[in-house]
């Protein structure tokens with residue numbers, strides 16, 4: 001029976017839909033739609049003709065919605081498809097309040113109602129931006145950037161992600177629900193992803209830059225050992241690499257670097273890191289990948305972050321992965337600078353990396369409390385959700401400016417912010 005596929009707990013609306021569908025299936029066996037008679041129901045006391053007419057009209061509209069169910073000539077597969085479509089009927093804000101009792105987490109966008117309770121903490125712009133509009137007016141124009149000049153316009157990807165939280169007449173969507181778009185690419189999100197992504201070929205780039213916002217972390221490998229190597233808490237970065245920075249500077253002094261030269265050499269290392277940050281992000285992390293092995297390598301390096309940008313356990317680099325990069329840079333510094341200087345410059349670069357990784361985590365999960373942090377957050381989220389081919393800098397936009405990869409709207413955004421601040 002169809003009612004066995006309805007998830008519990010069911011609201012009054014869901015039960016009403018299910019009961020009506022079961023009745024419709026029974027009617028389908030005996031009467032075509034044109035012959036369904038809507039007789040007034042007996043009511044206690046006096047008979048209200050107007051109320052009964054409204055009830056009949058509402059029932060007739062519902063019956064028309066399930067015409068595919070009542071069509072006795074329709075194949076069973078068509079009937080089931082129509083039932084599923086009807087079961088997924090979108091609800092209005094009032095219907096959600098009346099039938100589901102959901103309050104405090106509903107957002108209306110272009111007439112559709114979304115239950116964003118599980119999304120508040122995942123919102124890239126922070127929960128406060130959404131909380132200000134819950135259970136209020138339609139925010140469609142705000143999301144499209146039409147509310148005021150220079151306002152942030154959400155990308156198509158962001159609007160598509162919102163559909164995961166659309167309130168429908170069946171159970172809440174979960175991590176594996178964005179599968180409609182994934183089936184096109186033949187990717188099963190419930191299975192380890194790394195062995196699958198290489199088979200996408202030329203479709204890999206489109207797939208990996210269509211982000212999914214979820215509360216659960218996707219599985220990379222079948223092996224628990226390999227899986228754990230890909231997950232890192234943010235606090236592991238200063239805990240692991242902070243002592244290494246101190247060791248580098250102690251080695252520099254041991255090799256004869258004067259104490260008053262330690263800080264200048266560290267600053268040189270910091271500047272060199274910002275260049276490396278930009279070049280690695282632009283040319284390695286955003287390389288074109290079409291073969292099986294290049295796509296797999298890219299997904300492990302950076303592609304996963306664009307596919308699941310709010311995966312909190314994969315926002316910073318695992319120490320095992322960073323070791324290989326830092327080791328290569330260590331020998332590069334030794335080739336460029338003499339003993340003492342090379343160690344201090346390496347320590348400065350590693351310190352800048354720590355700042356970079358923690359800043360990156362903050363830009364995804366932190367609440368910006370200064371204008372500079374808000375600007376950085378907006379800049380980085382623009383890279384994720386609007387134009388992935390620009391805005392490669394994380395801690396600084398300087399090298400985007402130098403190499404011509406500033407986002408097209410960057411200048412206008414700054415002008416709008418300055419103008420608004422002056423008016424205030």
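Note that Cβ sites are derived from N, Cα and C of the backbone, with glycine treated the same way.
Looking up the ranges 201-220, 221-240, 241-260, 261-280 in TrEMBL, the one annotated as transmembrane segment turns out to be 261-280. Among the ranges 177-200, 345-368, 369-392, the one that TrEMBL lists as transmembrane segment is 345-368.
Residues 124, 126-128, 234, 237-238, 241-242, 244-249, 252, 265-270, 272-274, 276-277, 309-310, 312, 315-317, 322, 326, 329-330, 333, 337, 374, 376-377, 380-381, 394-395 of the same chain lie 6 or more positions beyond the ends of the transmembrane segment (345-368) yet place their CB under 8 Å from a CB of it.
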